[in-house]
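Undergrad: Supplied in structure tokens, the structure appears directly below.
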Amino acid sequence: MTGFVLVLAGGGERVLAWELGVVAGLADAGLTLGAASVVLGTSAGAFLAARLAGGVDAREEAERLACAPLAPREPSAPSASSASSASSASSVPGCSGVSRAPRKPGGSGVLGGSGVPSVPGGPGVPGARDGSSVRGEPGGRGKPGSTGLAGRPGGPDSPDSPGGWAGSVGAAASAGSDGPVEPHEPAAGLAEPGAPSAGSDELGDSGEPSAGSGGTVEPRERSGDSRAGALFRALAEVWPADGDPDVGRRLIGRLAIENSPGDAYAFLTATAARLGRARWPETLRITAVDATAGRRVVWGPWDGVALARAVAASQAVPVLRPPVPIDGNAYIDGAVGSAANADLLVTLGIPAGPVVVVSATDPAATEGPDSLWAAAAVREEAALTAAGFHVVTVSPDPAARAAMGPDPMAPGRVADAVRAGRRAGSAAAACLPSAA
């Protein structure tokens with residue numbers, strides 16, 4: 001099947017293994033990444049899409065992570081029994097994850113032997129409080145509202161930056177660039193003229209009150225909670241009571257700028273190292289959020305933004321990672337307010353057809369980012385359906401969620417998550433019109 005749209009949502013590093021499994025399961029049924037007319041990636045989903053675009057075979061990676069030998073397969077639709085065993089967590093019956101297979105011994109897989117490594121400015125790395133940015137040249141060539149940056153040879157904007165997604169990202173920050181390191185600029189330079197400064201009482205010209213006391217975030221950890229989990233929940237609590245996404249994204253954007261944890265250049269170089277030699281495929285679109293304006297942006301290969309820079313921006317978790325500068329603006333995680341941003345397919349003018357939304361969002365969540373993402377997912381599916389899209393949402397079942405673990409920035413039980421995702425992807429393929 002060709003011509004379907006694939007949406008890979010965010011949700012932290014913990015969703016990577018499960019989403020990889022889903023992509024492999026779709027490929028088992030003939031729905032390969034290369035057959036998709038458009039791939040829309042947000043946050044972790046943007047990284048996964050870009051990494052696979054660099055030549056990584058989803059099925060081979062899934063086999064390796066699940067510690068099972070690679071066996072040749074002919075593309076085929078999943079059996080009725082496989083589809084019927086799926087959880088009802090999906091918005092389409094039979095299109096959720098299934099019970100995990102027995103664990104096989106050995107191997108740590110592509111995410112690194114000790115879990116997802118720390119990124120400079122990320123969790124576990126005490127970064128500089130003032131943050132920093134990378135000086136670049138404007139180079140945007142895309143649609144209205146898009147921005148670009150002309151990269152320099154050998155730096156994090158270069159498609160030839162070495163590396164991969166295994167091993168130490170922290171080490172890659174110092175060794176992943178062959179070119180000179182540009183002087184750093186203060187984080188204050190990321191904001192547009194007239195943007196709110198730290199400690200101001202208003203957010204730009206909107207008259208909206210600042211979040212928290214002095215523009216800070218105070219995560220409250222619970223028993224068994226992780227620092228990242230507490231932070232994700234605290235950021236969700238900043239969201240305005242009326243749920244206005246534009247206001248919410250501006251509030252979170254301001255907090256991200258005021259509480260930037262470290263070195264944006266090191267974060268960019270680390271991201272480039274994880275991606276390896278991936279280049280922009282024609283079908284890939286990556287989302288991010290303008291931290292000052294609070295608006296969502298979508299980049300494609302025509303916009304003059306280096307792939308590694310776009311992916312880093314889409315993964316710039318507020319407070320955990322520094323905002324990413326592109327053409328004078330600061331950009332933060334594309335999942336702020338929405339894990340999938342699937343409704344942007346309508347905005348982009350993508351022709352209506354089958355769309356597979358791969359999202360680990362918990363539709364039953366009553367707090368934290370999942371509660372915001374779940375509400376956004378309902379709105380987005382309604383918008384897509386009204387525009388004529390046939391939407392299949394792939395969601396984890398309880399066993400898959402357990403395998404992912406509670407820490408959004410840790411990989412969880414990778415082998416179990418990959419296997420659960422692969423079964424979910426195979427089941428989802430049967431829900432598409434051509435597989436009915």
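Positions of Cβ are set from backbone N, Cα and C atoms, glycine also.
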Undergrad: Among 41-45, 71-75, 126-130, find the range that TrEMBL records as motif 'GXSXG'.
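TA: Of 41-45, 71-75, 126-130, TrEMBL gives motif 'GXSXG' for 41-45.
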Undergrad: Within 10 Å of the Cβ of Ser43 (active site, nucleophile), how many other Cβ atoms can be counted across all chains shown?
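TA: Excluding its own Cβ, Ser43 (active site, nucleophile) sees 30 Cβ atoms within 10 Å.
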Undergrad: Including all protein chains shown, what's the count of other C-beta atoms within 10 A of the C-beta of Asp333 (active site, proton acceptor)?
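TA: For Asp333 (active site, proton acceptor), the count of other Cβ atoms within 10 Å is 30.
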Undergrad: Restricting to the motif 'GXSXG' (41-45), what is the model's mean pLDDT?
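TA: Taking every residue in the motif 'GXSXG' (41-45) and averaging pLDDT yields 98.
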